[in-house]
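Note sheet for the following structure.
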Amino acid sequence: MKLNATYIKIRDKWWGLPLFLPSLILPIFAHINTFAHISSGEVFLFYLPLALMISMMMFFSWAALPGIALGIFVRKYAELGFYETLSLTANFIIIIILCWGGYRVFTPRRNNVSHGDTRLISQRIFWQIVFPATLFLILFQFAAFVGLLASRENLVGVMPFNLGTLINYQALLVGNLIGVPLCYFIIRVVRNPFYLRSYYSQLKQQVDAKVTKKEFALWLLALGALLLLLCMPLNEKSTIFSTNYTLSLLLPLMMWGAMRYGYKLISLLWAVVLMISIHSYQNYIPIYPGYTTQLTITSSSYLVFSFIVNYMAVLATRQRAVVRRIQRLAYVDPVVHLPNVRALNRALRDAPWSALCYLRIPGMEMLVKNYGIMLRIQYKQKLSHWLSPLLEPGEDVYQLSGNDLALRLNTESHQERITALDSHLKQFRFFWDGMPMQPQIGVSYCYVRSPVNHIYLLLGELNTVAELSIVTNAPENMQRRGAMYLQRELKDKVAMMNRLQQALEHNHFFLMAQPITGMRGDVYHEILLRMKGENDELISPDSFLPVAHEFGLSSSIDMWVIEHTLQFMAENRAKMPAHRFAINLSPTSVCQARFPVEVSQLLAKYQIEAWQLIFEVTESNALTNVKQAQITLQHLQELGCQIAIDDFGTGYASYARLKNVNADLLKIDGSFIRNIVSNSLDYQIVASICHLARMKKMLVVAEYVENEEIREAVLSLGIDYMQGYLIGKPQPLIDTLNEIEPIRESA
């Protein structure tokens, strides 16, 4: 361990690995370098030392210079002598310093990342391939011309612009193009052998997921066959496949590999293939009168093929990485950063059996309205983190829209685990700005088998069962609660929602009216809404208004009723010039800030006076914003409309609410009026309500006046208005034209 720690400490020093690596690697590269003889002298076909020195400089920076100088002297001193070796060393050092400096200047950040990064392609092509090859050739030509490298004059020839120079230049470009990544890989492996494991892991990630072992084996077999053909010596039995035609076949084969297997594998494999091919060039390029030209063309093929293969490998790898990232992001909610419903569907598909849990948090809605959406985001994140220790591999918490979450569990002992999860949930504490918040969590679950074809329908059923869990304070099994009944109930809701939308679009609603008579002989009507069925039967509001409220259609229905009532009043202005109508409002409409503006616009459109409208409001816990509701009602009163509190005395409407309410009329709930004759307690309650209403200067309306005894009792209490079957039954709105006068006379 001490030896390893010491090695790690000194390996990047100038007297460590940088000092000895060039001396060790240059002799090996000397056997890989390939030379050819042409009419004008000797030329390079492949040259690696420059790529090694560029890689050393890029990796070790200034610490690489002593080792590079030492490596050149050790390798060339005996062959060239002191002065030529010194000149050659100066050439290399000038080149690599300029390349390294330019690259660092134009790529200041992350300049040493592994090769294959598309963001650095242009800088690396220029500073690590084109610029050093060009400068090396210029300095080499100059040194040979002035006599500093007299022994190497045969490598450059007398004239600088000839085929030999072009071949040398292409060889340097090819050597740098495939040699710099290769040398960089060798340096990293020598510096840290464990890098091989990391490299192999990255290599596997870059391979296309659809690649099979059989495909890869066939590809390697084809590649080996082409290499074997290139390495076979020419003879009288040789075919076209023993010529450089086979070299051209390498391109489509390597292109396929580049698109399928990734840059990490192809860059190394192509380097080996190209070095073997170039080293065996004499086997497929015969010597004949056009030998130099053919060698030049083949050398350019090495360069073009290398660039195409490497560039295609980089692009294909980058494209696969982008696609994988997009696919990964598609399964994660971008706000809460938890797996989404798509990820849940995939997990249910991959597992043969699963236990699906649903967590419903209804109290979160009010907290979000008061503290903002960040509370919900952090609550879900921390709740997911709280549940993570109880989850097995492959299980997860999934984000659902709104305030709910889902869990997928393995089926082993899922009943006991769900009970444990519920106990763990009850121990969860969430703090927001130092305040503890613990909304109740309802838990429902079911046992499902892959594939789950109707995930959204299933989640809707679990949501319904989770509401029962909030009441029972225990996890609820959907199968025991009757899945078929829940499915039918949910389908009926969806069907009713569609019918409501059709009714709004095609005016399939029907308005009825019930008279309300006053003690002084005045009469107004309450508008009652019905919906036409498929066979023109009338559907009562109890069947569709709860669905309308749940799916957010109640406000649209209210506006439909108001507009069609005003339209009726405008069309019959002559027959009923001062008649009033009472219209029921849903809690959603009352909580909308723009509702008074819309009412004002409709009144102006149909030229109806505001005092002719009475809006009946039921005070209930469905009022999501009580303050806004009070502002809306105040604006309606300022507009000239009257406000009536409906169904007073039951549920949410109580004496405590009466203290703060500001209305014009108070409608006593029919449950008190119905028994006012037979139940003295109901009589006293009604009397107290009337007394309080008079103190608030409100008129009182009695509902459910169904017989003469009730009517006499109501009159004795001094109630201002009466409504019920004794006064008049609900009739189509159009019939009110014929009922107004008889009702007034009877009153």
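For all residues, glycine too, the Cβ spot is worked out from N, Cα and C.
Listed in Swiss-Prot:
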DOMAIN    493-744  domain 'EAL'
TOPO_DOM  1-14  topological domain 'Periplasmic'
TOPO_DOM  37-42  topological domain 'Cytoplasmic'
TOPO_DOM  66-79  topological domain 'Periplasmic'
TOPO_DOM  103-128  topological domain 'Cytoplasmic'
TOPO_DOM  152-165  topological domain 'Periplasmic'
TOPO_DOM  189-215  topological domain 'Cytoplasmic'
TOPO_DOM  236-239  topological domain 'Periplasmic'
TOPO_DOM  260-265  topological domain 'Cytoplasmic'
TOPO_DOM  286-294  topological domain 'Periplasmic'
TOPO_DOM  318-747  topological domain 'Cytoplasmic'
TRANSMEM  15-36  transmembrane segment
TRANSMEM  43-65  transmembrane segment
TRANSMEM  80-102  transmembrane segment
TRANSMEM  129-151  transmembrane segment
TRANSMEM  166-188  transmembrane segment
TRANSMEM  216-235  transmembrane segment
TRANSMEM  240-259  transmembrane segment
TRANSMEM  266-285  transmembrane segment
TRANSMEM  295-317  transmembrane segment
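Taking every recorded stretch in 15-36, 43-65, 266-285 and counting its Cβ pairs under 8 Å to the transmembrane segment (295-317), the highest total belongs to 266-285.
Confidence in the topological domain 'Cytoplasmic' (103-128), given as mean pLDDT, stands at 80. Beyond its flanks by at least six residues, the topological domain 'Periplasmic' (286-294) meets 38-40, 163-164, 234, 244 of its own chain at Cβ-Cβ distances under 8 Å. Secondary structure of the topological domain 'Periplasmic' (66-79) per DSSP, as helix, strand and coil residue counts: 14 helix, 0 strand, 0 coil.
Non-local neighbours of the transmembrane segment (166-188) in the same chain are 21, 25, 34, 36, 38, 43-48, 50-52, 54-56, 58-59, 114-116, 124, 128-130, 132-134, 136-137, 155-156, 195, 199, 267-268, 270-271, 274, 278, 295-296, 299-300, 302-303, 306-307, 310; each lies 6+ residues outside the stretch with a CB under 8 Å from one of its CB atoms.
Through the fold, the topological domain 'Periplasmic' (66-79) approaches residues 14-15, 17-23, 25-27, 30, 53, 56-57, 60, 85, 88-89, 92-93, 96, 151 of its own chain, all at least 6 residues removed from its boundaries and within a Cβ separation under 8 Å. Sequence-distant neighbours of the topological domain 'Cytoplasmic' (260-265) (same chain, 6+ residues past either end, Cβ-Cβ under 8 Å): 115-116, 199, 202-203, 205-208, 211, 215-216, 219, 310, 313-314, 316-317, 320. Here the topological domain 'Cytoplasmic' (189-215) has, by DSSP, the following mix of helix, strand and coil residues: 18 helix, 0 strand, 9 coil. Each residue of the topological domain 'Cytoplasmic' (37-42) gets a DSSP state, and the totals for helix, strand and coil are 0 helix, 4 strand, 2 coil. Same-chain residues lying 6 or more positions outside the topological domain 'Cytoplasmic' (103-128) and placing a CB less than 8 Å from one of its CB atoms are 54, 58-59, 176, 180-181, 184, 202, 263-264, 267, 311, 313-315, 317-318. Listed as Cβ neighbours of the topological domain 'Cytoplasmic' (189-215) (distance under 8 Å, sequence separation of 6 or more from its ends, same chain) are residues 11-12, 17, 21, 114, 259-265, 317, 320-321.
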